[in-house]
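**Q** In case it's useful when we look at the structure, here is the feature table from TrEMBL:
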ACT_SITE  Asp242  active site, proton acceptor
BINDING   Gly26, Lys27, Gly28, Ala29, Asn30, Glu127, Asp242  substrate binding site
BINDING   Asn172, Thr208, Leu209, Gly210, Ala211, Gln212, Gly213, Thr229, Gly241, Asp242, Asn268  ATP binding site
BINDING   Asp236, Thr238, Ser274, Thr277, Gly279, Ser283  K(+) binding site
DOMAIN    12-285  domain 'Carbohydrate kinase PfkB'
Amino acid sequence: MASQVQRLPKVGETIHGHKFFIGFGGKGANQCVQAARMGAKTAMVCKLGNDFFGDKYVQNFKDHGISTDYVEQTAEAVTGAASIIVNDAGENAIVIVAGANLLLGNEEIQRAKPAVSQAKVLVCQLEISPDASLKALHMAKESYVRTIFNPAPAIADLHSDFYKASDVFCCNESEAELLTGQTVATVEDAGKVGVELLGRGCGSVIITLGAQGCVVITAQGSSPKHVPTSKVTAVDTTGAGDSFIGALAFYIAHYPTMPLEEMARRANLVAAVSVQTEGTQSSYPCKKDLPSALF
C-alpha cells in the first residue's frame with residue numbers, strides 16, 4: 001500500500017497525505033512483471049500466504065501470463081507486504097514485511113529446478129532467505145543459465161559466493177554503499193565501488209543511479225562506463241530499479257549478444273517511463289507502449 005504526501009515525515013512526526021492506493025509489489029514480482037510486459041516468457045518462484053492477498057497475487061501473475069507452477073501458498077505466514085510513502089518529488093521510503101517469502105527454502109527451489117535449468121536468465125534478490133537465493137543461483141550456473149543478482153534489501157555480510165554466481169550484479173547506490181562501506185554520491189564514486197565489487201568475482205556490475213542513469217563495469221571492459229538516461233518529470237520512483245532489472249532480464253533473454261552497456265541504456269529508458277506514472281507494477285510499460293527502437 002502507498003501514501004502520497006507533500007514531503008516525507010521526520011522521525012516521530014505525523015503528517016497528512018493526499019492520496020492512498022493499494023497495488024501489487026515485491027522486488028522479484030515487480031521484475032518478473034516488467035519482463036513479462038515486454039514480451040518475455042516468465043515463471044515466478046515464490047511463497048505467498050494462504051490469504052486474500054495471496055489469492056489476488058496468484059491471479060495477478062496469471063493475468064500477466066506469468067507461470068505460477070512454482071508459486072506456493074502457506075497457512076504458516078501471511079503474504080509479504082510493503083508500506084510505501086511517496087512525496088511530491090517522486091521520492092519514496094519503503095518498509096517491507098517479508099512474511100511467507102522467508103519460508104521459501106531449498107525444497108521449493110529444488111522443485112523449481114525444471115524451470116530454472118531451462119531458463120535463459122534467472123533473476124534473484126534478497127526478499128527471500130539468502131540461502132534460497134544462493135541455491136537458485138548455483139542451480140542456474142550449473143545449467144549455464146545467465147544470472148542477475150539484485151542484493152536488495154542489502155545485507156552487509158553478503159556471502160562471497162553471491163558475487164561469484166552473478167553474471168550481472170546489479171544494485172543501487174545505497175546498496176553499493178552498504179556492501180563496500182564507501183560513499184556513492186557521484187558517477188565517479190559508482191565507478192570505483194563497481195570496480196571493487198567486480199573484483200569480488202562478478203561477471204559484470206551495474207550500479208543504478210536514478211536520474212543519473214547507471215554505471216556499467218564488465219570484466220572485459222577497460223574502465224567503468226556511465227550510461228545516462230533521459231530526463232523526465234518523476235511522479236513516483238517506487239519500483240524504478242525493479243523496472244530496470246526486469247527490462248534488463250528481457251534484453252539478456254532476447255538479445256544475448258547485445259553489449260551489456262546497450263542493454264543498460266535501453267533498460268534505463270524503460271525505467272524512465274515507469275517513474276512518470278503513479279504506482280509500481282501499474283506504472284510498468286508494455287511493449288506496445290515503448291518505442292520500436294527499444295526492440
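Cβ coordinates come from backbone N, Cα and C, glycine included.
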**Q** For Asn268 (ATP binding site), which of the recorded positions Gly26, Gly28, Asp242, Thr277 has the nearest Cα in space?
**A** Asp242
**Q** Can you tell me how far the Cα of Gly241 (ATP binding site) sits from the Cα of Ala29 (substrate binding site), in Å?
**A** 12
**Q** Which one is it, among the recorded positions Asn172, Asp242, Thr277, Gly279, that lies nearest to Lys27 (substrate binding site) by Cα separation?
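**A** Out of the listed candidates, the nearest Cα belongs to Asp242.
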**Q** Given the binding-site residues Ala29, Glu127, Asp236, Ser283, which lie close to the residue listed as 'active site, proton acceptor', meaning Cα to Cα within 10 A?
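**A** Of Ala29, Glu127, Asp236, Ser283, within range: Ala29.
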**Q** Is it possible to get the count of other C-beta atoms within 10 angstroms of the C-beta of Gly279 (K(+) binding site)?
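**A** Gly279 (K(+) binding site): 20 neighbouring Cβ atoms within 10 Å.
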**Q** Measuring Cα to Cα, tell me the gap between Asn30 (substrate binding site) and Asp236 (K(+) binding site) in whole angstrom.
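**A** Their Cα atoms are separated by 15 Å.
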**Q** Quick check: with Asp236, Thr238, Ser274, Thr277, Gly279, Ser283 left out, which same-chain residues have Cβ atoms within 8 Å of the centroid of the K(+) site Cβ atoms?
**A** Val235, Thr237, Gly239, Ala240, Val275, Gln276, Glu278, Thr280, Ser282, Tyr284
**Q** Record lists Asn172, Thr208, Leu209, Gly210, Ala211, Gln212, Gly213, Thr229, Gly241, Asp242, Asn268 as binding ATP; longest Cα-Cα distance in Å?
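**A** Farthest-apart Cα atoms in Asn172, Thr208, Leu209, Gly210, Ala211, Gln212, Gly213, Thr229, Gly241, Asp242, Asn268 are separated by 16 Å.
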**Q** Do me a favour and check the Cα-Cα span between Gly26 (substrate binding site) and Ser274 (K(+) binding site); whole Å is fine.
**A** 16
**Q** If you draw a 10 Å sphere around the Cβ of Thr238 (K(+) binding site), how many other Cβ atoms fall inside it, taking every protein chain shown into account?
**A** 28
**Q** Out of Ala29, Leu209, Ala211, give me whichever of these binding-site residues has the highest number of other Cβ atoms within 10 Å.
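**A** Neighbour-count leader: Ala29.
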